[in-house]
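Colleague: Quick one: the structure is below, questions incoming.
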């Protein structure tokens, strides 16, 4: 019984964390790309990296305030989307997949360069104390701690309630935005492009322009995810590498592509399953059999197996519809 109580507390703490909110934000953006438009974006981590560093560097190196730094982060994501989209969106979808994964890796290596150590921190990255204060200064919460659902956290500080409130408020806002735009005439054109791009062109619509707009919107959402993820502690380039992008794809496919709440559900299940596996293994498997590091790797392997089974037996995901799987990529 004590184990179940501890497990429930750990799962709740993880699901309400800024990290989980950040993954939801980035997954919503990826869902705009792939689920609703059919864009094979394998570089969503690049948008997160630009959002995080656009914000962090603007504050720590250039001394900008919160709102200007936020605009810089969003602008960086827009420019990245344009650089990716202009040469590739008129080509087949697999070209976009190749370009995005390569571009995200190039970005990661650039931000790790010792030449930029004074600006980006190179491999060591930036600590939140260098950029977090401008965010904390906006908190309306009083000093001290607050206990909610058995979790006692500082109101404003590092891993605090203020970051959680902002992160999950952004999740609600972006879900609403996704719901509104997908049900608009613009969103119906995106679905048309996903299912039959030639038919959309025959109606006089510029599929190139619509795909570019979708790439920009989803990329900016990913940038906000990067900011929220790095506010509590620190940022370094390897946080937002290939593994991050593949985790986001796993989340979207798990919850259901082309659904509004699929990214949210997929993220919650993803993190709940991982923390459950790690906690259970730590509790019932002796450390002489599995070390903590091996337990974590085993959890990832089991999650991968679960995803394979899902793809085999329910390829549309938990909330998905098989009719939404006709992607023209």
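The backbone N, Cα and C atoms fix where each Cβ goes, glycine too.
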Colleague: What range among 192-211, 212-231 does TrEMBL record as transmembrane segment?
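Modeller: Among 192-211, 212-231, the range TrEMBL annotates as transmembrane segment is 212-231.
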Colleague: Which range is it, out of 116-142, 251-277, that shows up in TrEMBL as transmembrane segment?
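Modeller: Here TrEMBL associates transmembrane segment with the stretch 251-277.
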Colleague: Mark yes when the transmembrane segment (251-277) and the transmembrane segment (95-111) have three or more Cβ pairs under 8 Å (sequence separation 6 or more) and no when they do not.
Modeller: no
Colleague: Looking at 42-62, 69-89, 161-182, 212-231, 297-313, which one has the highest count of Cβ pairs under 8 angstroms to the transmembrane segment (251-277)?
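Modeller: That would be 297-313.
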Colleague: So what's near the transmembrane segment (212-231) in sequence-distant terms, Cβ-Cβ under 8 Å and 6+ beyond its ends?
Modeller: 18-19, 21-26, 28-33, 36-37, 39, 41, 44, 47-56, 70, 73-74, 76-78, 80-82, 84-86, 89, 128, 132, 135, 163, 166-167, 170, 174, 181, 186, 190, 239-240
Colleague: With a Cβ cut-off under 8 Å, give me the same-chain residues at least six positions beyond the ends of the transmembrane segment (42-62) that come close to it.
Modeller: 22, 26, 29-30, 33, 68-70, 72-77, 80-81, 84, 97, 99-104, 107-108, 111, 118-120, 126, 130-131, 134, 218-220, 222-227, 229-230, 235, 237, 239-242, 244-245, 248-249
Colleague: So if I exclude everything within five residues of the ends of the transmembrane segment (161-182), which remaining residues of that chain have a CB under 8 angstroms from its CBs? That is, six or more out.
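Modeller: The answer is 16-18, 21-22, 24-25, 28-29, 31-32, 36, 135-136, 139, 141, 146, 148, 153-155, 190-191, 217, 221, 224, 228, 231-232, 260-261, 264.
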